[in-house]
Amino acid sequence: MSDVSRRSFLRAGAAAGLAVAAGPTVGTVAAQETGTQTFDGWLDTVDNYDGVVDARGKASVLVEVGTNANGGAFGFGPAAVQVDPGTTVRWVWTGEGGVHNVAAADGSFASELLSEKGETFEYVADTEGVVKYACEPHAAMGMKGVVVVGEVPGVEASTVAGSTENDPAAVYDDWFDTVDNFAGTVDRRGEDVVTVEVGATGNGGAFGFEPAAVQVDPGTTVRWEWTGQGGYHNVVASDGSFASDMSGDAGYAFEYVATERGVVKYACEPHAAMGMKGALLVGDAAPAGLPPVSGAQLLGGGLLAAAFSPLALWVFLTLHGTRDGGSDGRVYYPHGADGSAWNDTRPDDSRSI
């Protein structure tokens, strides 16, 4: 038997097992004493499931494959999510836990077996009901998930499963008032590295960070990865503690180690006024008396000047660098490699406007 045939045979057998274990895909949803839905027992052995994340109103939703759960990197994060019909569900591999796939219990979709960080698989949830799925190699360990599409009797989604109870107003002040893809704080405590997408769907285009707010342990490495959508973005802390280069390239990445407990607010300079903002909640809770951070503090107001009008944005990018570089094909960045200072690498004859 060839390798391809063997994989097909194993997948067919595993899918059949998933279908039997899944039971009805749509129907009455059982409930635990805690109030979380078990989906006919599908999530009984999933130790990172503590409720249904409400992602209705979003055009796309991100689910991580290989999150810290079930005795290793054997979880989907979040394990259960509710979306509107027509929403694109995008699974992104963390690169942890070995080889994983995403396979519907009813056989309606199945990804390849993948292990590389950043691999993706998409599914458009267009039919109302409950979609149960699993990673075939690790389903018995609890690597299973659910997508609730539309309004399903018996399902009550929380704002965000595993989110902080004092979220959002008491923690973030008004930072997220204009961020339409913010739905609460995603709990990623217990993970060494946490990934945030830059240029995710939100705020009228590819102008979002996904997730917009995430809770991590002190010492966690936060890695922002560019989707390549929405033009040029950067990641700049409102208190000036870090700043990435400006980039429009898919796969570009910037990392920051969150060492201090508290709230770290950040934004994309060119698109902050459109709502492209995010936050890290480092530790168990925000410290008492945390002062609010206004948008005017972001690089001394340079962000606001760039964002208020298209002309100002053009001047901002011209002064601080763009990825176009003109006809010579050179690439210009607004910051040095360490993000600590402005670094104009253009020749003298190209600095005038």
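Backbone N, Cα and C atoms are what each Cβ position is placed from, and that goes for glycine too.
As written in TrEMBL, here are the features:
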BINDING   HIS100, CYS135, HIS138, MET143  Cu cation binding site
DOMAIN    64-149  domain 'Blue (type 1) copper'
DOMAIN    197-282  domain 'Blue (type 1) copper'
Residues near CYS135 (Cu cation binding site) in space but at least six apart in sequence (CB under 8 A): VAL65, PHE74, PHE76, HIS100, ASN101, VAL102, ALA103, MET143, LYS144
Fewest other C-beta atoms within 10 angstroms, as judged across HIS100, HIS138, which are the binding-site residues: HIS138
Residues within 8 Å of the HIS100, CYS135, HIS138, MET143 Cβ centre (excluding the Cu cation site residues themselves): VAL65, GLY66, PHE74, PHE76, GLY97, ASN101, ALA134, GLU136, PRO137, ALA139, MET141
HIS100 (Cu cation binding site) - helix vs strand vs coil (DSSP): strand
Cβ neighbour count (within 10 Å, all chains shown) around MET143 (Cu cation binding site): 31
In three-state DSSP terms, the structure that MET143 (Cu cation binding site) belongs to: coil
